[in-house]
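Asker: Before I ask anything, let me first share the structure, which is written out below as structure tokens.
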Amino acid sequence: MSSLSVYHVSSPDIPNKVLTHLEDIASTLAEHGVAFDRWEAATPITPGASQEEVINAYRTQIDTLMTRHGYVTVDVISLNSDHPQKAELRARFLEEHRHGEDEVRFFVAGRGLFTLHIDDYVYAVLCEKNDLISVPAGTRHWFDMGENPHFVAIRLFNNPDGWVANFTGEDIAGRFPRLED
């Protein structure tokens, strides 16, 4: 089940609130310009599926997002517990960073923890199959796929170069709960 846990930066062990209803999660995130929605991911996709297979399965949804928001690049990140670089990728995504463009993810299988650092608060969004999240450009965040990842997510970009992170150098991500905590 998707959820949103909201923490004050001074209290990483105790969330101020935990939300599990789509409408509550979406409205809380919308206050900060973050879009959260649930789309039907009817075509079964498993970690390890090729990028082409995933994109072809969701071509209609992808085209809708690209047209509506002007995205120019799409790719797929698909990881499972057998991936040879899972530890390196997890470590990289767990560093707080931001992007010069919106970060859009549509989870078509599995789950991941998208954590946003906005002012004095941290918003931990557990995204699962069918969840669509769009994080505005410049928002500090990190992503945890867990020690044993299982997810497939479609990523959309305004930048033809795809995923380009600007790391903040702050260690805040290490103080907050991880996906499997």
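For all residues, glycine too, the Cβ spot is worked out from N, Cα and C.
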Asker: Considering the Ni(2+) binding residues HIS97, HIS99, GLU103 given in Swiss-Prot, which of HIS69, HIS83, HIS141, HIS150 is annotated for that site as well?
Answerer: HIS141
Asker: Can you tell which of the recorded positions ASP102, GLU103, ARG105, HIS141 lies nearest to GLU96 (site 'May play a role in metal incorporation in vivo') in space, using Cα positions?
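Answerer: Ranked by Cα distance from GLU96 (site 'May play a role in metal incorporation in vivo'), first place goes to HIS141.
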Asker: Can you tell me the CA-to-CA distance separating HIS97 (Fe(2+) binding site) and ARG105 (site 'Important to generate the dianion'), as a whole number of Å?
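Answerer: Cα-Cα, rounded: 16 Å.
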